[in-house]
Amino acid sequence: NSSDLSPSSFILASIPGLEAAHFWMAILLCSVYILAVTSNCAVLFIVKMEPSLHAPMYFFLCMLAAIDLALSTSTVPRILSFYWFNAREISFSTCLVQMFLIHTLSAIESTVLLAMAVDRYVAICHPLRHAAILTNAATAKIGLVAMARGVIFFLPLPLLLLPLPFCSSRVLSHSFCLHQDVMNLACANTTPSVVYGLTAILLVMGLDAILICLSYIPILKAVLQLALWKERLKVFSTCIAHICVVLAFYVPLIGLSVVHRFGKDLAPLVHIIMGNVYILVPAVLNPIIYGVRTKQIRRRIL
């Protein structure tokens, strides 16, 4: 009952009719979360301990692992407390912090994926200059730029929502806080927030996706210029893991955006599943993909 809430809180979404199954849903979610944490920590440890992996591509992979750990940890424990202890209420300030972390970390991950695409482009199209261009110092600077870019672009999102009044209905569409979800509950003009949120998404995730696609055009040209098919497959196979990781990030992101834009009449289950997929699928798949594709990581895991 939203009338019993304090004016500074929201209600996390539940699935109507499935309240009795929350315990088992939490068990499944917790298992996936443990898998994500374990696999990403394993990647960080293996890259640190394996000198042959001290290269820009694997430093970027460590950045992805750290981002996925932070993103899943900022949301999943709160979701589990809701499913196990029926803690549906989340304070306004906590919701804004969680929203800022989700969007900022997603922007940082998008930038790191773009940096990995540039790394593949230089390694394939300009192999003799790769070591000189992508040094360890340059890799560290790219990581700092990615963090600064995410914070600068997405810090205004909670600040724009902070002064807004909210309606009596404070039930969110997900089990965590997203900008679009919180903004839809405001009882005021949200045009500045809508415009800025869309602009930030397009200038970060949208631009990164376009640049990643453009980077693969010269890569494909360089691969097709090789004489033998075996050489083409061998060279292009170094990009397969990155392509899979890019798809694992952008497909759930696009799916969640489509659900928010066109899925107002969809069942609550769809919103909750898409939200959990967006949070957990990249965190689980990224280390698995690179674990399968990288001989040194696979050997260390075994």
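Even glycines carry a Cβ here, placed using N, Cα and C.
Curation plays no part in TrEMBL annotations; they are all automatic predictions.
Since we're looking at a predicted model, the values are computed, not measured.
Feature annotation from TrEMBL assigns domain 'G-protein coupled receptors family 1 profile' to 39-290. The transmembrane segment annotation in TrEMBL covers 20-46, 58-80, 100-122, 142-166, 194-219, 240-263, 269-292.
Packing against the transmembrane segment (269-292) from elsewhere in the chain are residues 13, 15, 18, 29, 32-33, 35-36, 39-40, 42-43, 61, 64-65, 68-69, 71-72, 75-76, 79, 102, 109, 173-176, 178, 241, 244-245, 248-249, 252-253, 255-256, 259, 263, 298, 301: each is 6 or more residues past its ends and has a CB under 8 Å from a CB in it. Within the chain carrying the transmembrane segment (100-122), a Cβ under 8 angstroms from the stretch's Cβ atoms is held by residues 56-57, 60-61, 63-64, 67-68, 70-71, 74-75, 129-130, 133-134, 142-143, 145-147, 149-151, 153-155, 157-158, 176-179, 200, 204-205, 208-209, 211-212, 215-216, 218-219, 238-239, 242, 245-246, 249, 253, 279, 282, all 6 or more beyond its ends. The domain 'G-protein coupled receptors family 1 profile' (39-290) scores a mean pLDDT of 90 in the predicted structure.
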